[in-house]
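A short worksheet on the structure shown next.
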Amino acid sequence: MKLGWIEVAALAAASVVSAKDDLAYSPPFYPSPWADGQGEWAEVYKRAVDIVSQMTLTEKVNLTTGTGWQLERCVGQTGSVPRLNIPSLCLQDSPLGIRFSDYNSAFPAGVNVAATWDKTLAYLRGQAMGEEFSDKGIDVQLGPAAGPLGAHPDGGRNWEGFSPDPALTGVLFAETIRGIQDAGVIATAKHYIMNEQEHFRQQPEAAGYGFNVSDSLSSNVDDKTMHELYLWPFADAVRAGVGAVMCSYNQINNSYGCENSETLNKLLKAELGFQGFVMSDWTAHHSGVGAALAGLDMSMPGDVTFDSGTSFWGANLTVGVLNGTIPQWRVDDMAVRIMAAYYKVGRDTKYTPPNFSSWTRDEYGFAHNHVSEGAYERVNEFVDVQRDHADLIRRIGAQSTVLLKNKGALPLSRKEKLVALLGEDAGSNSWGANGCDDRGCDNGTLAMAWGSGTANFPYLVTPEQAIQNEVLQGRGNVFAVTDSWALDKIAAAARQASVSLVFVNSDSGEGYLSVDGNEGDRNNITLWKNGDNVVKTAAENCNNTVVIIHSVGPVLIDEWYDHPNVTGILWAGLPGQESGNSIADVLYGRVNPGAKSPFTWGKTRESYGSPLVKDANNGNGAPQSDFTQGVFIDYRHFDKFNETPIYEFGYGLSYTTFELSDLHVQPLNASRYTPTSGMTEAAKNFGEIGDASEYVYPEGLERIHEFIYPWINSTDLKASSDDSNYGWEDSKYIPEGATDGSAQPLLPASGGAGGNPGLYEDLFRVSVKVKNTGNVAGDEVPQLYVSLGGPNEPKVVLRKFERIHLAPSQEAVWTTTLTRRDLANWDVSAQDWTVTPYPKTIYVGNSSRKLPLQASLPKAQ
């Protein structure tokens, strides 16, 4: 071996684990595919090659490695290349707005976007976020998320993504990406992949909770399930031209997500044709050589652990290229991928330096905050980037509110004599909307969950504020009891009320914070803060009780949903800063609810199957999460096991009624599917490397403490690496073929953005009439499901949908197409997609269990 960089022990341990017959194994795939500028990347790829060809080795390395935690203004920043006018890139959370900032908007969460089933709103939200990120001087938004997908209803970060259905998630994921990047900011598709729970996602985090485990959890999944479920939305992201992908903390089949050659090299880069760059989640980088050869392109935040001053890359990456352990083409490819994404969104024309600091709200501070070094300068310029986005946020909040039950209670008229507002979730956080770091508490109304996927509220309109305004405009009376434990007061208010509006919630978040004993993942899926008793007390004392649920996902409502005095139930999710106004718009009929549930409402937690792994189930080794449920999650699981939900996936009521009719199917003149064949071009080197003496620290450089630099300490590479394992034979740790830059065979399922172009060819055109049969304007979402026909397939899978607005008595024809991908299964033996000979049937309706229209499809290939 020529260079180990601390990863030798980890790699050795991994080889022992993977050699055990009873643990899942991730097969190697090498070499790491090099970008080729296919499709819409062609022009920016050429520009990237041109600029990278002019760079020195350390300039290339500077692009690949973060400068260290809290050492610049953003949560992650790369080095810069001043000689070529390439700035340090600013990377910043989150998927719903700018984290650690000010004068920014707090958008609805991804799960709310899923509930809208509205592609336009997904795009507009992405675009609005991109505008704010760009205006703050941020180059890369760390979002959106499709991992977790939602295998477990109690998974802590499900709300950051969209839905446990891959098709619904994939479409809205892609539209969000397009919106962000059209605003001139690189979007990051995360967390890739199988990051489905918080428990054990990071070994150090688990140790902090008292678990003695050697490594992070391994999500063990078969090839078919990976392709048909978890990889599906990431294919949509690649097809949408996403610039960055963030690899995850967990292991996949006992190989870490940021050094897993199967998921990074094979699936993402070779099969899906991803042309952008792969960054690590923060400290998810576990090796130097191993990660570089397995397909990682950018190390974030650059240091091995926060504020350690050490890095797997930086100077060590420079050493690795100089001594030949890592081929030049691999680091060149990293740099080209980063620069291609930079050019693709136009950052070269829109760049402004970050005008805020993540680490202080003070106007002035040190340039390098954590170590109090560098210039003492203006670090916060307090730039207001909100524009008119509050209107969009309010709109999404209202249009994502799912009406689950309505026995004539809604809409309200403002003529109600007395309105009772009941439950803590109606009111404000007594510590302020941003009173808990990263929203790590559940005080007052829940409009955002907790973790790094959050943003500071510029303000938060509570339900109490908004509804009181409504009542007073109607000259009514309003009583509010926001102590969820004061059941006697709640009962007294409910007895007097014309209508009782009960607000309840259920929270979750990221595993580094524990809230009320919930370590990221929910301990259960019941209501928090005595919610069930608040509802039952109100219903026992008021015959017109309407329940509004703010939650991160499904909750158990079996105790009271069918109570005769519960006349209405709405799910409002995590609606962001305009929460109260959004729910008031729906309650008072200014917005007719048209949202559909993006998940299933079961009667028990057990009805969902697939429990979280909350105990160390592999001794002191990496906990093992076996995804034996395969593709059967959420509604697919309920269908397979004949579980009757309370409210099914895709369900949602309206203040009007709709009728679907006249399903027509037209076969299209599609070509026969052809597996991709042939060879790639050989890898190319861009520029010359030169001698080690060119990459020693520049004379006179004033080093910043703990800052990660690309330069080496001396021309003695062994001494510069400071690695006791330096000098081992390559065969002991470098996988076969990992440094081979010759032409490589193309995979059958590859060939374009998102995979083989034949997958996206339209095979059938489908049309359905949709009519508003009621008296008010409203939105309907026709949903098209497919039965793939095989004995081990789900009963139905969602494939197409559209949100359509119709005036009273108006009729429209919804037309969509079915692609080969929509009808295909993954063939593990052929390593390609195939349309099986089993009969295919399509169903159209307005939920996964209300599908009145059906048609058989002719055989397709």
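Including glycine, each Cβ sits where the backbone N, Cα and C put it.
Record features (Swiss-Prot):
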{"type": "ACT_SITE", "residues": "Asp281", "note": "active site"}
{"type": "CARBOHYD", "residues": "Asn62", "note": "N-linked glycosylation site"}
{"type": "CARBOHYD", "residues": "Asn212", "note": "N-linked glycosylation site"}
{"type": "CARBOHYD", "residues": "Asn253", "note": "N-linked glycosylation site"}
{"type": "CARBOHYD", "residues": "Asn316", "note": "N-linked glycosylation site"}
{"type": "CARBOHYD", "residues": "Asn323", "note": "N-linked glycosylation site"}
{"type": "CARBOHYD", "residues": "Asn355", "note": "N-linked glycosylation site"}
{"type": "CARBOHYD", "residues": "Asn443", "note": "N-linked glycosylation site"}
{"type": "CARBOHYD", "residues": "Asn524", "note": "N-linked glycosylation site"}
{"type": "CARBOHYD", "residues": "Asn543", "note": "N-linked glycosylation site"}
{"type": "CARBOHYD", "residues": "Asn565", "note": "N-linked glycosylation site"}
{"type": "CARBOHYD", "residues": "Asn669", "note": "N-linked glycosylation site"}
{"type": "CARBOHYD", "residues": "Asn846", "note": "N-linked glycosylation site"}
{"type": "SIGNAL", "residues": "1-19", "note": "signal peptide"}
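Swiss-Prot feature annotations superimposed on the structure.
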residue: Asn62; record: N-linked glycosylation site; contacts (Cβ under 8 Å, 6+ apart): Thr78, Gly79, Ser80, Val81, Pro710
residue: Asn212; record: N-linked glycosylation site; contacts (Cβ under 8 Å, 6+ apart): Ala616, Asn620
residue: Asn355; record: N-linked glycosylation site; contacts (Cβ under 8 Å, 6+ apart): Lys136, Gly137, Asn380, Glu381, Val383
residue: Asn443; record: N-linked glycosylation site; contacts (Cβ under 8 Å, 6+ apart): Glu424, Asn429, Ser430, Trp431, Gly435, Cys436
residue: Asn524; record: N-linked glycosylation site; contacts (Cβ under 8 Å, 6+ apart): Asp154, Leu556, Arg605
residue: Asn543; record: N-linked glycosylation site; contacts (Cβ under 8 Å, 6+ apart): Pro564, Asn565, Thr567
residue: Asn846; record: N-linked glycosylation site; contacts (Cβ under 8 Å, 6+ apart): Lys596, Gly650, Tyr651, Gly652, Phe658, Leu660, Glu780, Val781, Pro782, Gln783
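Taking the Cβ of Asn323 (N-linked glycosylation site) as centre and 10 Å as the limit, one finds 16 other Cβ atoms among all the protein chains shown. Asn212 (N-linked glycosylation site) falls outside any helix or strand according to DSSP and counts as coil. Cα distances from Asn253 (N-linked glycosylation site) to the glycosylation sites Asn316, Asn323, Asn669 are smallest for Asn316. Ranking the glycosylation sites Asn253, Asn316, Asn565, Asn669 by C-beta neighbours within 10 Å puts Asn316 at the top.
Each residue contributes its Cα atom, and for Asn316 (N-linked glycosylation site) and the residue listed as 'active site' these two points are 19 Å apart. For the residue listed as 'active site', the count of additional Cβ atoms within 10 Å of its Cβ stands at 23 [all protein chains shown]. In this structure the C-alpha atoms belonging to Asp281 (active site) and Asn323 (N-linked glycosylation site) are separated by 28 Å. A coil conformation is recorded for Asn565 (N-linked glycosylation site) in the three-state DSSP classification, outside any helix or strand. In the three-state DSSP reading, Asn316 (N-linked glycosylation site) counts as helix. Put simply, Asn323 (N-linked glycosylation site) is 55 Å from Asn669 (N-linked glycosylation site) when counted between their Cα atoms.
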